[in-house]
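Participant: The annotation transmembrane segment is assigned in TrEMBL to A:38-62, A:82-102, A:114-134, A:160-182, A:222-241, A:261-280, A:301-323, A:343-361, A:368-393, A:413-431.
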Amino acid sequence: MSHYEAPIRKPLVTGDKSYHDITVEIARPVEGKANKSWWIVFSIALIAFLWGLGCIVYTVSTGIGTWGLNKTIGWAWDITNFVWWVGIGHAGTLISAVLLLFRQKWRMAINRSAEAMTIFSVVQAGLFPIIHMGRPWLAYWVLPIPNQYGSLWVNFNSPLLWDVFAISTYLSVSLVFWWTGLLPDFAMLRDRAVKPFQKHIYGILSFGWSGRVKDWQRFEEVSLVLAGLATPLVLSVHTIVSFDFATSVIPGWHTTIFPPYFVAGAIFSGFAMVNTLLIIMRKVVSLEDYITVQHIELMNIVIMITGSIVGVAYITELFMAWYSGVEYEQYAFLNRATGPYWWAYWAMMTCNVFSPQFMWFPKLRRSIMFSFFISIVVNIGMWFERFVIIVTSLHRDYMPSAWTMFSPTFVDIGIYIGTIGFFFVLFLLYARTFPVIAQAEVKSIMKSSGEKYKKIREEKGDDANLYEMPEPKTLPDFKKLIAEANSKNDSSDANSKSE
Amino acid sequence: MASKVLNVFYKDDDILMEAVKKVQSKNYRIEEVFCPFPVHGLDKLLKVKHTRLAITSFLYGLVGISVALTMMNYIMIIDWPQNIGGKPSFSLIENLPSFIPTAFEMTVFFAAHLMVITFYMRSKLWPFKKAENPDPRTTDDHFLMQVSVGNNDIQEVAEFLNTTGAVEIDLKK
């Protein structure tokens, strides 16, 4: 069987590893005890989460007036944070679905955590519209449920309702995609578990996965079809989020470039967040052999490309504002760049367009410290992008007497920090209890992309044997075993009959 | 007496594939193979029919788009038509552009979820389902081939299997 892969491709799993080594190394963070740094980060995240929870309770019990919104700026941090989190949530499905369709093997080391990140960040995103409703216990009113109010239906002409369908489909499909991939890995943890409690829990989580040939055949087909479904889905979600703005008549929002521009921005910020998380995680749980510099470099290239697409979109927006001849549109963009929010605009430009260009240099994109730094810069930049689009477009509307500025209250800030805390609480718990790398899939690419086998092929040629035949064992006398078993059965049969 | 079955363990996917070919050339029956990861080509070698899950997904998608359009037609056109911003609302076809995003999302929702549920049911996977792999090592690094002895001499079959690169052979309980 051929496991040939072009030698120019760098190994995706480094070190001299057997299949069993992979099992052990990926089960280690789950089976071991949490170290001190985990507890410190977890405590900080938990405090931030609880603080945010307090701010949410205050908002809901007092009202949206606790936020910095005013009559001109009716949408600010809430929707900024919503779009920011949804955007971050795009990398996971992109890595697991689009890269699967393109047969990119490097996705296998990072897809599990990227999908976890997706799910956790979409949860954060979903919080904002629900809190902004003011009466979150009526959130189910966004669903088309028969009722006695007239009948009062939801409005399928509204992009806000499209969002409800897009985000709930995205969250639920990402969740089953993730879970289906997790089944064999949970089964691995279940079969290794020593303590009965763990064995029981992972037994439930693994849905009784046994790994028959037919199961694997179906598993692979389901993964492929889900990837095929999730690819247009992931593109549709941010397209629909951008419709929230693009279908309005606000200068600065009413542009047809929004869908591709938002999707590129989402992938951009999502990959940056994957880099932020995985650069730390590979170190903390010592998975440097699986999440290699090669993986980080490839992600940096995606960041560079999508960052450049975003840059082109920014410039196109400026051009179209000028070329349209619409003075309101022209003013909106002039005001963004030179008005009172100039600092937000230039922070966005610097972080999103300028900083990813450093990744043209191989030395920089292979530097782990630098990649981490840029990933943080990009996350900040993408937050500013949404802030710029939303607040600067609203703050100077058609009526100059209504012009105003936005300043967040401690509640705005508290809820935002709270969602960051909640996100990290979920991610840290995940890192301690879930197999953070799709170990079954990684095992399947070992012979083509593992360093060990690449070396063997380099030494002995591409058709080299990649295995060693084990020595034949001395076998027991099976006839005797059967006879013994039969005599035992006979006696037990006789017993059961006599009963 | 039912035919005895031997559990034959391997520790390498290539050895397993070769062994399957050898066993088949001897006309021994392979009852089942348990693997820790997907071994490409093994299903074809064992003549396992290709799964039809992708087809079910397509059909579920058709159900999804039908449900979506029926629902939106009932809600927005038949039951309570409204003039919302002057958007055309007198027939489904006039109002269709607004319905495309929701129809698309519901198509994906049905196609994905119902296919996964079908997969779980067909492969008998659900919470509290007891795992059926005979040995815990088959989710780690062991490949388990179950070979039916049939009317052959058990010791002979075992000796033959021993030469195919097995690391362990025992009797299925």
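Note that Cβ sites are derived from N, Cα and C of the backbone, with glycine treated the same way.
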Participant: Under a criterion of three or more Cβ pairs within a distance under 8 Å and sequence separation of at least 6, are the transmembrane segment (A:160-182) and the transmembrane segment (A:38-62) in contact?
Facilitator: no
Participant: With pairs closer than 6 in sequence left out, are the transmembrane segment (A:82-102) and the transmembrane segment (A:301-323) joined by 3 or more CB pairs under 8 Å?
Facilitator: no
Participant: Could you pull out which residues elsewhere in the chain have a CB under 8 Å from any CB of the transmembrane segment (A:368-393), counting only those six or more residues past its ends?
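Facilitator: Contacts of the transmembrane segment (A:368-393) (Cβ under 8 Å, skipping residues fewer than 6 from its ends): 73, 75-77, 79-81, 83-84, 87-88, 245, 250-253, 265, 268-269, 272-273, 275-276, 279-280, 293, 296, 299-300, 303, 307, 310, 332, 335-336, 339, 341, 344-345, 347-348, 350-352, 355-356, 358-359, 406.
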Participant: Using a Cβ cut-off under 8 Å, which residues of the same chain at least 6 positions beyond either end of the transmembrane segment (A:222-241) come close to it?
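Facilitator: Residues packing against the transmembrane segment (A:222-241) from afar: 83, 86-87, 90, 93-94, 96-98, 100-101, 159, 162-163, 166-167, 169-170, 173-174, 176-177, 180-181, 259, 262-263, 265-266.
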Participant: With Cβ-Cβ distances below 8 Å as the criterion, list the same-chain residues six or more beyond the ends of the transmembrane segment (A:82-102) that contact it, or say none.
Facilitator: 110-111, 114-119, 121-122, 124-125, 128-129, 167, 170, 174, 177-178, 181, 223-224, 226-228, 230-231, 233-234, 237-238, 241, 262-263, 265-271, 273-274, 379, 382-383, 386, 390, 419, 423
Participant: Six or more residues out from either end of the transmembrane segment (A:343-361), which same-chain residues have a Cβ under 8 Å from its Cβ atoms?
Facilitator: 265, 268, 300-301, 303-304, 307-308, 310-311, 314, 336-337, 370, 374, 377-378, 380-382, 384-385, 387-388, 391-392
